[in-house]
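Let me begin by presenting the structure, written as structure tokens, before commenting on it.
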């Protein structure tokens with residue numbers, strides 16, 4: 001199957017900005033995930049097949065914010081499926097910011113994401129194969145095996161993925177010494193609504209990453225006492241789906 005890259009454009013509005021006037025890093029992450037979801041879902045729905053499939057985010061590789069994006073600029077996101085395994089797709093997204101007055105475009109982000117196709121009843125579906133040269137296919141297999149190994153290692157060692165483990169929901173106590181971990185740690189609670197979900201009532205990965213970025217930013221501001229911006233996000237895995245009406249608890253702390 002041959003894929004055509006997807007281009008997603010959106011003008012950045014005042015509501016997209018952080019307190020420093022730049023576009024919020026979480027907003028950009030949400031747009032990246034949306035572009036990846038569209039191009040991967042398009043790939044998985046082959047003409048003639050009755051069962052529709054929607055792709056959900058499984059993993060984001062390390063993402064660096066190369067340059068800021070500003071309110072009033074036009075974001076250009078180009079997403080392309082670059083590899084398919086039996087049950088997952090690799091998507092690469094390049095983000096550019098365009099100054100509509102001067103016409104100058106700048107690359108602000110590059111990201112690699114992995115998606116899994118789900119049927120309407122939540123069953124993981126097979127991914128249609130794509131046309132690749134032997135060299136491209138071998139390189140893609142190596143990337144797939146590397147990220148799969150990392151995901152499995154995290155599954156085995158992370159306590160938060162065990163059913164008998166629960167993060168404390170208590171709010172951070174007051175009175176910690178300034179610049180200590182306890183002083184900066186932050187909590188964010190959110191009820192998942194319809195506007196946070198894609199089809200099938202599952203919260204989108206972009207929505208989740210935006211709130212992760214927000215609670216991390218609050219923590220950083222508490223520690224630094226100045227405006228902060230997102231510079232980089234480490235590889236992030238999505239192990240379980242989040243449904244509409246779930247209550248999400250986000251906890252951040254400096255490390």
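Yeah, the Cβs are placed from backbone N, Cα and C, and that goes for glycine too.
Bear in mind that TrEMBL entries carry predicted annotations, made automatically and left uncurated.
Taken from TrEMBL as is:
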- 2-121: domain 'HotDog ACOT-type' (DOMAIN)
- 18: active site (ACT_SITE)
- 182-255: domain 'HotDog ACOT-type' (DOMAIN)
- 213: active site (ACT_SITE)
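Long-range neighbours of residue 18 (active site) (same chain, six or more residues apart, CB within less than 8 Å of its CB): 24, 25, 217, 227, 229. Other C-beta atoms found within 10 angstroms of the C-beta of residue 213 (active site) number 21, with every protein chain shown included. Residue counts for the domain 'HotDog ACOT-type' (2-121) under DSSP, helix first, then strand, then coil, are 23 helix, 55 strand, 42 coil. Taking the domain 'HotDog ACOT-type' (182-255) as a whole, pLDDT averages 92 in the prediction.
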